[in-house]
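Participant: Before I ask anything, let me first share the structure, which is written out below as structure tokens.
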4 protein chains.
Amino acid sequence: MHIAFIGLGNMGAPMARNLLKAGHTLTVFDLNAATVASLCAEGAASADSARKAVAEADFVITMLPAAAHVRTAYLGEDGVLAGVRRGVPLVDSSTIDPATVRELATAAAAQGNALADAPVSGGTGGAQAGTLTFMVGATPALFEQVKPVLANMGRNLVHCGDTGTGQVAKICNNLILGISMIGVSEAMALGVRLGIDASVLAGIVNTSTGRCWSSDTYNPYPGVIETAPSSRGYTGGFGAELMLKDLGLAADAARSVKQPLFLGALAQQLYQAMSQAGDGQLDFSGVIRQYQPRTGA
Amino acid sequence: MHIAFIGLGNMGAPMARNLLKAGHTLTVFDLNAATVASLCAEGAASADSARKAVAEADFVITMLPAAAHVRTAYLGEDGVLAGVRRGVPLVDSSTIDPATVRELATAAAAQGNALADAPVSGGTGGAQAGTLTFMVGATPALFEQVKPVLANMGRNLVHCGDTGTGQVAKICNNLILGISMIGVSEAMALGVRLGIDASVLAGIVNTSTGRCWSSDTYNPYPGVIETAPSSRGYTGGFGAELMLKDLGLAADAARSVKQPLFLGALAQQLYQAMSQAGDGQLDFSGVIRQYQPRTGA
Amino acid sequence: MHIAFIGLGNMGAPMARNLLKAGHTLTVFDLNAATVASLCAEGAASADSARKAVAEADFVITMLPAAAHVRTAYLGEDGVLAGVRRGVPLVDSSTIDPATVRELATAAAAQGNALADAPVSGGTGGAQAGTLTFMVGATPALFEQVKPVLANMGRNLVHCGDTGTGQVAKICNNLILGISMIGVSEAMALGVRLGIDASVLAGIVNTSTGRCWSSDTYNPYPGVIETAPSSRGYTGGFGAELMLKDLGLAADAARSVKQPLFLGALAQQLYQAMSQAGDGQLDFSGVIRQYQPRTGA
Amino acid sequence: MHIAFIGLGNMGAPMARNLLKAGHTLTVFDLNAATVASLCAEGAASADSARKAVAEADFVITMLPAAAHVRTAYLGEDGVLAGVRRGVPLVDSSTIDPATVRELATAAAAQGNALADAPVSGGTGGAQAGTLTFMVGATPALFEQVKPVLANMGRNLVHCGDTGTGQVAKICNNLILGISMIGVSEAMALGVRLGIDASVLAGIVNTSTGRCWSSDTYNPYPGVIETAPSSRGYTGGFGAELMLKDLGLAADAARSVKQPLFLGALAQQLYQAMSQAGDGQLDFSGVIRQYQPRTGA
């Protein structure tokens, strides 16, 4: 299949590579010449605009940092909609707000193209290994149509509902994640200060009602989980700035339906404080440091 | 073994019954004459003070509502320490602050009695079925000594560390629980308002990084988990007032070590608002109602 | 002087009227034909685009709902910058984010026009009476230049610093206001529940360290201040939705400099809850209702 | 008049001195021998228990750190109620919870003594200068009776209502104070980061709707108010630990009437974080430091 891939960042580039490996014909577009060259060396063709990249494509994927980029990529003068053939399916894998997705889907539908949102989880590791989870918002027919292609890049393809619900699923999951990580941080820091061993406490929580991914798989207290970022100085992992972006999307979405997000908004401020302290590039589980006295433990 | 059991409330009475069934000799004390009579009808003896109840006992268990009661039960003129024989092990299964536990343990040790704190989880259902989890704070030797008796009332006996750490474990677990339940509530309410199906959303969260007991076992959105209180009008379960009590213990413990609890304190206010609205007896997962418009969905 | 006035909403229309009364020649532009007609009946001329409205003007004022409108009004194909003569001073009295102001000022400067931001306080009452406060961000020279015109619409003209600082001042003031109103609400509701008379409590606070505008001038407890919205069912005044808008600007500005806003973010959620309950059009002091039991006292 | 004064701490000692200066006969009691000696050198008599100190007194004043001390001082075996003559008025100037006050008043009334609560504001400076504000909870008759004595120690004597309302007034005022100080801190830190001069911003706020004591008299930004603790490294003033105590009283009182305190609880955590960082002895306005990047401005 001839696929156009727009956006070759930390996530997009390895995803595109997996499409090449699967035997697809690929035309790519990105402003970063070096990455484009690297993909071309591996067999992709390139174009100097999104419009040109999609001209011959049977399938289009976009993977961009934020809503403004996605909007330009689709609606701009040199964008996808200006160049794509009628009937070609469009998949946006960026993490953006559901409202923008729905607006783009309407514009695409008006010229005969169906658009699915398919944000991912799994990080750069999952992108490289081809084990991403795709949360797909699409009609049932479109979901069936895009599945075989996404399967070359990910392992779990989840149909979330109509267009936009892929973003909703991702935002809501990460809202819980951002909150529960701080909940675990408050409890682990408190417990240790009160005299319980960190691993013993985590063991109890993990077999009880406090059980959660933030405790049993990604515990923020150093030494509890050897493979977690907390055991290597909070390097690698999912940066606090990325968590801030996702909590920002949740906040904006909540405002659009007039729902308060009490814990979500406060969690956002705590990651913001982490960012202000210069630790925004560290893994978000480093938020536990705000509960530990500056000197000593 | 001759066991004295002080405190026959919703939890204490069925726990005492399980000791009787296991063949122990039981002397009970409680201010509620009806419950005492009921236990006596099943084979227990009764005494008119804690002091008298423990006089002949080889083992003492207390199960009381709050620290003030526990303090009186042990230190009062007619209390446990005034009547118990040297060397008899003491187990307090109440949920109270670790500082009070440690103070009582010191007083008990001064007269030759070792005290373990062993708060439970599992609710009245677990108390009746004898499947409670005991989180035990005790020296290793004392833990071995109390284990066989606790095994008559519970299934999981976890050694948390020295005296007081049982309470620490329970408080920290419930702090995470109280927070994650609200995190899930914010996300479920938001997702549904944004157009995703509640069960689909829960399914995605439960296989992703937002996974937690509050979502996969006790989801607050009605209909997602048929056996959860949310699917029967938030009746039964773990009342918001009980969660408020445990978050209050966490707040006090945190104040004692000068640690802030940002999300914990805010969670407390949200359960407080639930209580103010007259819903304090409902299951704590009813907190989700604060995120749902009063009229309609 | 020949003044172009863009944006004739609840605030803009009475402001424009005061310029007419002061004897200026006025050309107005707004999408609402009825308001334009009403101004024309009072002596203004009208144009069918911002570009045409400013063509002959010696002075330009814009008063619009949000940043997107202001951006279009200045940078659009038919916008102010496309039509205005070199050297004509531009004043934007909308309440928007400082970053957009600075971006527009740079674009204006590039073609020889100085732009001042001059958001107002005083509400529609102040706009009608010509008693607004203008918080002006401008070079000292520009401030002197715009003062005489603004003086026809307002009583206090405050020079806040360079371009953008007018917005900063307004956002920061309203951040304090939004927070202190809730602080007073929590305290007044609590005090009354604990048995003190509301007016007595307010009297003590107002001569003590809790003293603030939200207590001594605009107290949210009904009956304490006869002229406050709280004494007339929270009608009139400054709507919760407007407070939400301003707290949103504060949140965005804080995110841009990576500063957490703990109380500000939580205050935002409380006004959001008020909005979700359907009370977003009520005065923001109605936030106190969230602290009062729904039924009875 | 013969007055018994119990509690000679940082506040009590200078208050007692002012009674001596006013010509009263004084019998004092405190566990600190040095302070007792110092008062005796100035003309007071001393007793070795509260009971003995009040035996001959026509008037009793207590000034103690916390509810537990007050309870012991009145109800203990060697306490005030065990020694005081029928009909002698009792005044407790400690800052404690209203519930304890009411309980003590009931016990006192049972033996023919009326008790007023009269917590103060004005700090150690006001205690020395005799310019304290007394917030008095008492029947009108008792208020008239205690006024002349309190007038020797303070300038403002405010009748707040029946017994307990003095504490209510103080707690509610300080709740507003603790919140508004953080509101001002968030806004001042944000404004300066966004480019406005701190004094200009404070000037605007102080003549606008954000106006409050925390901004116009005690501004937390260094240099804005020369006499404020912020301009001398946050030394002196009202320590964060004292603010924590008062917010703790507010939280407990709110819990007793099931009212949430959203901002109050969060403010408490922010002062708690200040305390954890080792700054609990600094003036509470130092809370602004949590909004300023650790390095640089």
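Glycine is treated like the rest: Cβ placed from N, Cα and C.
As annotated in TrEMBL:
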ACT_SITE  C:K170  active site
DOMAIN    C:3-161  domain '6-phosphogluconate dehydrogenase NADP-binding'
DOMAIN    C:164-290  domain '3-hydroxyisobutyrate dehydrogenase-like NAD-binding'
Participant: So if I measure Cβ to Cβ from the residue listed as 'active site' and keep only same-chain residues at least 6 apart in sequence, which ones fall under 8 Å?
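Facilitator: Correct list: C:T95, C:P119, C:S121, C:M135, C:D246.
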Participant: Mind looking up the mean pLDDT for the domain '3-hydroxyisobutyrate dehydrogenase-like NAD-binding' (C:164-290) in the predicted model?
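Facilitator: Here the mean pLDDT over the domain '3-hydroxyisobutyrate dehydrogenase-like NAD-binding' (C:164-290) amounts to 97.
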Participant: I want to verify one value. Collapsing DSSP to three states, which class is C:K170 (active site)?
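Facilitator: Helix, per DSSP.
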Participant: As a quick check of your reading of DSSP, tell me how many residues in the domain '3-hydroxyisobutyrate dehydrogenase-like NAD-binding' (C:164-290) are helical, how many are strand and how many are coil.
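Facilitator: Going through the domain '3-hydroxyisobutyrate dehydrogenase-like NAD-binding' (C:164-290) residue by residue, I get 88 helix, 3 strand, 36 coil.
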